[in-house]
Structure formats: C-alpha cells, structure tokens
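Structure first, then comments.
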C-alpha cells in the first residue's frame, strides 16, 4: 500500500499509568480557528517584512517589480497552503511535510527530511528570527552606534529560553501569547499602512514614477528575490504541524488558511507601498532596518514605537516557529526516526517538553554563527526542495488514490503551479550562480544515510541508550504518548 504506516513501539491504543488513574496520554486539542489564524499569521509576520524589502529591491532593481515579487510570493504561499489543507484532511496527523512524506513515499525520504529539519532548518530559522528580535530589542540602549554582538546574542539566547519555558508549561498559554502578539503586530503594520496612505495623499509618489526602471530579469536573480520575499511568508504551513491539536481539523485547517494568508499578503503589499512613499529606492537600499528608517522619517519623536513593534513582532513569530518546530521533532521521534525520549510528553502539562528542549538547544548552538541573508537563502533552498516533494505526493494521491476520504479538495492546477514554482526555486539559483554552500547543504542532507541504515533500518541501538532514556524520563517527568485518531 502506498499509504504505508510504520509499526511504532507504542500502539495508539496503549495506555499509560498516570497519577489520576489508568488513561491515555496525548496532547490536548487546544487550537481553535482564532488560534489557528494567529499561528499562521503570527509566524508569517516576523522579521521578514521589516528586513527583506531592501533585499527584494536589491535583486529586482525597481519598486514595481519588487511589489510584483511580494504579490507573487503571497499567491504562491496561498496555493501551497491550500494544497497542504487537502493533505491535512487526508492524513490527519501532526508533523507537516514529514508525516506526509512518510505516509506517501516511505521511511527513508521522511528520515532525511526529519534529520535535516530537526538538526538544521528549524533551529536555523528560529535562531535567525531571535537574532532579529535581539537587534531591535537592544537598539534603543545603544543610540547612534551598532549594538555589541555579545549583547545581541545573549538577548537572542534569553528569548529562546523564555519561549522554551512558556511552551513547556502549557499549550493554552503559548497560543494565548500568540494571539496577543499577533494582534499587536497587526496594529503595528496598520500604523505603517496608514502613514503611507497619508504620504500618498500628500503627493509623495516619486518612487512610483517610472516604477519599472532598472528592473533586473535574470532567472537566478528573480529566484533569490523570491527567497527573500518568501522568507517573510514562511509559516504558511505551520498549522499542518499541529493537526492533532486542532479542534475539528477538517474545518479549522482550510478556514484558517483562507483567512490568514490573504490578510498577510494585503498587509505586506500596503506596507511596501508605504516604504516607497516615505523613501526613495536609493534610501531604502542603504537602510540597515527599513521599518526604523521609515519611523524616523514619518513618526519623528515617536519612532521608538517602530522598534518596539518590530521586537514584539519577531518575538511572536519566534513563538510560532518554536511551537511548530518542537512538534516536528516530537512526531519524528514518535515514528522511530529520532530518540525515544523526544517522543514523550510531560505527564501533567501534556506538552512535548523533551522535543521542545532539544529544539531549544539546537537553536542556541545556531545563534553562535551565521548571518541573516545566508540563513534565509539556504533555509529557502532546503525548504522548497521538500515542499516540492510533498506537493508531488499530493498530486500522486489525487491521481492514483481519488477514493481516499477528504473533506476539502483543491483544484489540481493549484498543486501543479506550486510544484513548478518549487522546481524553479530549487534549480534557478544553482543554474544561474552555483555556490559551494549549496553543495554543502546537499551533502549534509545525504549524510543522513550514514545514520539511517544502522539506527533506523536495522535498529542497532546501544544498550546504554535505554538506561539514559529511562533516567531522562524520570528526571523530566515524561511518558510515551498515544497517537490521536481524528
């Protein structure tokens, strides 16, 4: 059967002894429609819209072509999310791309995805967002000069530790914080939008005269511009990582996608228009932080509000990234692709605390190195490689398994468009401007082969690992979980 299911050590119907009696231990279904919209929008609106516009303009060369890239990125994110919504109603398990690749293509490619995501992609993405948070959070304390890197990195590390505590304590607390911060960042973006509309009403439209002048049209250049734009939309697939924690996932998943992504796309376009109304393209290109420069020009003495808003925005985005990233690690461990301890949940808090702690530790390591632009480009390269694989799995199911029950169906042309875009985004930068770093990423992905066959395929586990798992289980107060059958 194509929809293969691996036998896991812990049956979905097994029970776990808890202090209240003998009952199943599983994560709670705490995420409703509002929290779902907040998880998607709150993760998408992070550091990208405040930092990526200058890089999109740098690669595209003109304001009009930059706006076209932002609009195209929004459409692509929407098409991808709608395709994932159908997958989420066929395979009603948490884990996003990992669980879809596992059920459709089997264990080996799923392990490579889990290995790459848990060790590199998710921690790197979280580290990048937390570093952005730290830059804006400490900037007011160092007026007129750049912030010391030690202070920035320590602040980013503190952000990760706070997020770890919040997410380990309570799912409802984490989602409530997401809702509050999403509202705050939407308000901040509305301030920028309204400011831009006022400037346009006053006749500041110089940036939009000959708006296509100096446009760059190289295949690879457009691909890299897409990477920078899509970084700001990253998070469109986050709800698929927590499907088992959704209330009525067959309804909540498609609805949340249809509300969140068009909302974010419209805001992004209007915010970019506001930036161009306040600044000439040359000013925007030389701005270290576009939103702060906009605040200095438009808000005057109230410009500090922008720095505060960006800090709040990136913290909220970090929370969403951490929330879903921990679930990725947890699900992979539950399927036998990661150490057993990572598949367990806290017996009282009912959160996947070992997986969250591991994600936190890897992110802290990532903070020590890497720069924002390179992290974005390489993150996007890996992400779109696996997005393409996942979408091809959906096309396979639509053509070969049309009888599978699904409460939502996306027109087949939409996943075809996403697949073509994914192939383009993976190949265009390699063909146009090959970089040795991409070779290192590919080698890293396939280095998982060395681990897969002894540890997963042939299950050669050293005995001392069982004792370590037992001691960690007692220390962390965690127990194996049952899979939720939605």
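From the backbone N, Cα and C atoms, a Cβ is placed for every residue, glycine too.
Per TrEMBL, the range carrying the annotation transmembrane segment out of 217-236, 437-456 is 437-456. Feature annotation (TrEMBL): of 279-301, 302-324, the stretch labelled transmembrane segment is 302-324. The stretches the transmembrane segment (64-85) and the transmembrane segment (256-278) are in mutual contact, each linked to the other by at least three Cβ pairs under 8 Å (pairs 6 or more apart in sequence).
Away from its own ends, the transmembrane segment (256-278) comes close to residues 33, 36-37, 39-41, 44-45, 49, 53, 63, 66-67, 70-71, 74-75, 77-78, 81-82, 84-85, 186, 189-190, 192-193, 195-197, 199-200, 204-205, 207-208, 232-233, 236, 239, 284, 290, 294, 297-298 of its chain (Cβ-Cβ under 8 Å, at least six residues beyond either end). By the Cβ criterion (under 8 Å, sequence separation of 6 or more), the transmembrane segment (345-369) is not in contact with the transmembrane segment (180-201), since fewer than 3 such pairs are found.
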